[in-house]
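All remarks here apply to the structure that follows.
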Amino acid sequence: MAFGKVSNWAVPLTALMYAMALVCLPMFAGGSRGLVYAADTDAENYGTVIGIDLGTTYSCVALMRNGKTEILANEQGNRITPSYVAFTDDERLIGDAAKNQVANNPKNTIFDIKRLIGLKYNDKTVQREIKHLPFEVVDKNGMPAVAVTVKGERKLFTPEEISGMVLGKMKQIAEEYLGKKVTHAVVTVPAYFNDAQRQATKDAGAIAGLNILRIVNEPTAAAIAYGLDKTEDEHRIVVYDLGGGTFDVSLLSIENGVFEVQATAGDTHLGGEDFDYKLVRHFLKVFKKKHGVDVSSNAKAMAKLKREAEKAKRALSSQMSTRVEIDSFVDGIDFSETLTRAKFEEMNLDLFKRTLKPVEKVLQDAGLKKEDIDDIVLVGGSTRIPKVQELLENFFNKKASKGINPDEAVAYGAAVQAGVLSGEEGVEDIVLLDVNPLTLGIEVTGGIMTPLIKRNTPIPTKKSQIFSTAVDNQKTVMIQVYEGERAMAKDNNHLGKFELSGIPPAPRGIPQIEVTFALDANGILKVSATDKGTGKSESVTITNEKGRLSKDDIERMVAEAENYQKEDEEIRAKVEARHKLENYAHSLKNQVNGDLGDKLEEDDKETLLEAANDVLEWLEDNSDSATKEEFNEKFESLSQTAYPITSKLYGAGASDATDDEDDESDDYFDHDEL
């Protein structure tokens, strides 16, 4: 870990000389700040690359031809297609046909699958979601799978397979429009999707027969749709993306065709479906109170109610009240209720207000005030809700921009990105700078997480740092990779680990091990470690099997990092003070026992050895219980013992040398240990 500056008088010159001999500076190989998405060299083999908005409730496909972006309609003439898959006795249905028969076939009609993709079965969010779903979700090797009856047989489908079917439908729509095969696509995901969810989305594309060239964050794609013609001075925009199942906020700057994401936040389990469920629960209570019948376990009745709740919600965006009527709802009883906009807003106000927290977060992360924002861009069908618009506009004291279709903006931006990758004319000058949502790092001695790629770093990026061994003759180091905002590694999410072995025997702190994190444009992480002495290297690519974070985990980490920031800083400072003392004591001991020991008088040699050994013995007994102040006191005491001896050895030049080489001394104590 990085130790603080060491005052001149506190560092013995022998240590400085020793540090000069091994010079192990923490090294950072700064990666590219962003990526110019120029036409790929293999673009001629791609054919037409399509852009797909794979939504929780609806999906949309678009493409670029002759410099123009086109949103494609399905066979029903609709420009958005329900993300529904159904299995009947005779066939598989996808899109409108699947959604239209859900009330008669609830157990074999699958929707909201995006809420499950890339997550583990025992994840809290998965368990919460399946309570609302009429179809069966089971545990398949620790991952969720949907159980349906297909032609009389029970079959299991993973979320990737179901999403693959929806992507396949989008591919089919494009192929029918073009009259030729489509093999490559750009697909969008929520900005707060973690690595596992992104990987799972790419897998879904492969299942659909699509090579996913790029995973793009939804609000970033929407910003492209909004800002394509903005070539004047820098424009700062907030993209507020409230869809059917996910919520994202991104703060971007647009200048001369350069789109830079400055901050992103969100909630991968908040959207229009949640507003629907509140209405459903309300109607269930009303019906039970009137008729004494609980229909919550009746799948067909619940499917009917959900369908009508969604219709009512949509109607209330343009009128003050609506009538919800279902003939023969259950047991021959009709359902008939009036719902006002005021009642709908009252029921969902807590959820509407919850969307403002990530808005505040992106402003805070970007170091900006509300007044610095030039435009608010609304994306996602749920932004049509008047109360949502009102809360957001009141927050910024500014009207939101309504110049783009909230249902189509994301697919539009994805198509532009696809056009860039396939070399379409008119988009050559677009530069897209996206960011990673969470800090990535490794565990070092003392359990501290050392960050290599900070939260909100533009991607793709590559960062490297030199580490060393913690004990003499250490032959193997374990690289433990974590994701999160807490100071201690154990409080963050463990992504994976690997060993680098075969390190030649050497004193602690001598081997140089370069750890490199490479985060690609899709947010996929590769970690490698190289022994600089031997050139031996090991690496791991963090994939969906490694268990990246769920939405709840992300929220918990960020919230806990804020709540416990003071506690984290205290723990970090204590561990750093302890390691500074331990390294100093070992350094003195090694030098006295080494070549420099021959130049010392026997009494001085004995004094230094005794002082160093006393500290090391004290550390063995008090390493966990001592305070930061006690470690610092021990460090000062040891320094005061050592300095007069080294000053005497090197005479008046010691002070000057110490001044000149202050940075070198810090480098010695700055080595993180694995």
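Keep in mind that glycine also has a Cβ here, set from the backbone N, Cα and C atoms.
Reduced to three states, the DSSP call for G55 (ATP binding site) is coil. The ATP binding site annotation in Swiss-Prot covers 55-58, K114, 244-246, 310-317, 381-384 and is backed by similarity to another entry.
Residues or ranges marked as compositional bias 'Acidic residues' in Swiss-Prot: 657-674.
The feature region 'Nucleotide-binding (NBD)' is assigned by Swiss-Prot to 143-297, with similarity to another entry given as support. For the region 'Nucleotide-binding (NBD)' (143-297), the predicted model reports an average pLDDT of 89.
For the region 'Substrate-binding (SBD)' (416-516), residue counts in helix, strand and coil come to 10 helix, 46 strand, 45 coil, using DSSP. Swiss-Prot lists 416-516 with the feature region 'Substrate-binding (SBD)', giving similarity to another entry as the kind of evidence.
The region 'Disordered' annotation in Swiss-Prot covers 651-674.
The motif 'Prevents secretion from ER' annotation in Swiss-Prot covers 671-674 and rests on sequence analysis.
Here Swiss-Prot flags 1-34 as signal peptide.
Under DSSP, G245 (ATP binding site) is assigned to coil, being neither helix nor strand in the three-state scheme. The C-beta environment of Y58 (ATP binding site), restricted to residues of the same chain at least 6 apart in sequence and closer than 8 Å, consists of I80, T81, P82, S83, G244, G381, D407. Among the listed binding-site residues, namely G55, G245, the Cβ with the most fellow Cβ atoms inside 10 Å is that of G55. Considering only the binding-site residues S317, T383, the Cβ with the fewest other Cβ atoms within 10 Å is that of S317.
Cβ neighbours within 10 Å of R314 (ATP binding site), excluding its own Cβ and spanning all shown chains: 14.
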